[in-house]
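Q: Pasting the feature list from Swiss-Prot:
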SIGNAL    1-16  signal peptide
REGION    67-94  region 'Disordered'
CARBOHYD  Thr144  O-linked glycosylation site
CARBOHYD  Ser153  O-linked glycosylation site
BINDING   Trp163, Asp165, His297, Trp300, Asn336, Trp397, Lys425, Glu429  substrate binding site
CARBOHYD  Asn167  N-linked glycosylation site
REGION    200-222  region 'Substrate binding loop 1'
ACT_SITE  Asp252  active site, proton donor
REGION    423-461  region 'Substrate binding loop 2'
ACT_SITE  Asp431  active site, proton acceptor
Amino acid sequence: MAKFFLTAAFAAAALAAPVVEERQNCAPTWGQCGGIGFNGPTCCQSGSTCVKQNDWYSQCLPGSQVTTTSTTSTSSSSTTSRATSTTRTGGVTSITTAPTRTVTIPGGATTTASYNGNPFEGVQLWANNYYRSEVHTLAIPQITDPALRAAASAVAEVPSFQWLDRNVTVDTLLVETLSEIRAANQAGANPPYAAQIVVYDLPDRDCAAAASNGEWAIANNGANNYKGYINRIREILISFSDVRTILVIEPDSLANMVTNMNVAKCSGAASTYRELTIYALKQLDLPHVAMYMDAGHAGWLGWPANIQPAAELFAKIYEDAGKPRAVRGLATNVANYNAWSISSPPPYTSPNPNYDEKHYIEAFRPLLEARGFPAQFIVDQGRSGKQPTGQKEWGHWCNAIGTGFGMRPTANTGHQYVDAFVWVKPGGECDGTSDTTAARYDYHCGLEDALKPAPEAGQWFQAYFEQLLRNANPPF
């Protein structure tokens, strides 16, 4: 899996800061603080400044400086850097970003957001603030069609998961997101908001990929580093026990243990993957937390030769972890393109009888339950709106043509085994470059069914975002 670092510099005229007494009513760091049609707060909480990105969007950026006088305000240019990393999950790429600073956990929880049954019921899902800023600062300024601009603005408000793919993201993105949600809930959000987070930092991560580049190696204290990462997540989640938190656990990892044990890196990582996944499930077993282990997708573990070994593996992990209450089930189609339910199988799925996620889950669940794991499911539909896609083969994962934004996140799935349809991967970040001379070039990104020309993995891919937007089903 390629890991790409992108420095995004934001610089614009900073707005004057309000007096301290008013800041409790201001937007949090990374929150929106202005723009055409925006009716929310136009000031920022202490430590950040409202910076205009374009006519449609102003954002609270940390560390911005502003000087004021009694009659006028003089704005200085502010630059905020964020590290951006990308990860290939189930044959495609997902993105997560982190500010390069550490924040202090404000206050403490006075209640516990415990739940019974489906953790997606009785809550609202939180829209990813960084993805919102990407859409408003990178996508919308390049769109001239007013209707498409309005549609893009609507995409920015769709709740999506936040990825913790490096240790630095724990004390930055996780704390900031939970702080923002706490503030919104304390301000009277009804129903309250819940957080959606991806735990994703195993050593020797994504073992079957052509160019894995996670931050830790098993041979270099990786297991202990990962336990520290999980321990810190646990500490923060306990501090925010008033915020219900839904976790996807380690995309690709266990699925690779089913199908890719012929890959030396995977066979070498197998025992560590199992040990650390069990460690994470035990440590994050908290009353306000719900966990879903990643279980690939219909075109991966859904094949008849793979589905029973997959059931055996996931049930064994669940049992060895002590059947934690917070382990609700499995996540499928993470960062992929598969339909939830389609009337006839696309040609590229043949001859798999489980040609969509519904068939996969309905075949998978009884096998799991028979082994003591009555798993519920969540299904990523962020890029699954257009069916069939333009893929020539099911394994063609990179920037697939003919895709669109899919059904919006909801707990109203109409299916007894499915807790929610979700957007684990927000659309618009590139899966990989089509430049054959690039160091991170993967041949999948140069295939005829991959959209080209494509920038490096993790960079904003405007043409792909607009493809998803134009093909969205339902439309925005």
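Glycine is treated like the rest: Cβ placed from N, Cα and C.
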Q: Find the one among the recorded positions Asn167, Asp252, Asn336 whose C-alpha lies closest to that of Ser153 (O-linked glycosylation site).
A: Asn336
Q: Note down the number of other Cβ atoms within 10 Å of the Cβ of Asn336 (substrate binding site), including every protein chain shown.
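A: Neighbour count, Cβ to Cβ under the 10 Å cut-off: 29.
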Q: Count the Cβ atoms, other than its own, that fall within 10 Å of the Cβ of Glu429 (substrate binding site), considering every protein chain shown.
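A: A 10 Å sphere around the Cβ of Glu429 (substrate binding site) contains 26 other Cβ atoms.
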Q: In whole Å, how far does the CA atom of Trp163 (substrate binding site) lie from that of Asp431 (active site, proton acceptor)?
A: 15
Q: Please list, in sequence order, the residues in the chain of the residue listed as 'N-linked glycosylation site' that are at least six apart in sequence and whose C-beta is under 8 Å away from its C-beta.
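A: Same-chain residues close to the residue listed as 'N-linked glycosylation site' (Cβ under 8 Å, separated by 6 or more) are Asp201, Glu215, Asn225, Gly228, Tyr229, Arg232.
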Q: Taking every residue in the region 'Substrate binding loop 1' (200-222), what is their average pLDDT?
A: 83
Q: Using DSSP, break the region 'Substrate binding loop 2' (423-461) down into helix, strand and coil residues and give each count.
A: 4 helix, 3 strand, 32 coil
Q: Return the residue, from the listed glycosylation sites Thr144, Ser153, with the maximum count of other C-beta atoms within 10 angstroms of its C-beta.
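A: Buried the deepest by this measure is Ser153.
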Q: Cα distance, Asp252 (active site, proton donor) to Glu429 (substrate binding site), nearest Å?
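A: Given the Cα positions, Glu429 (substrate binding site) is 19 Å from Asp252 (active site, proton donor).
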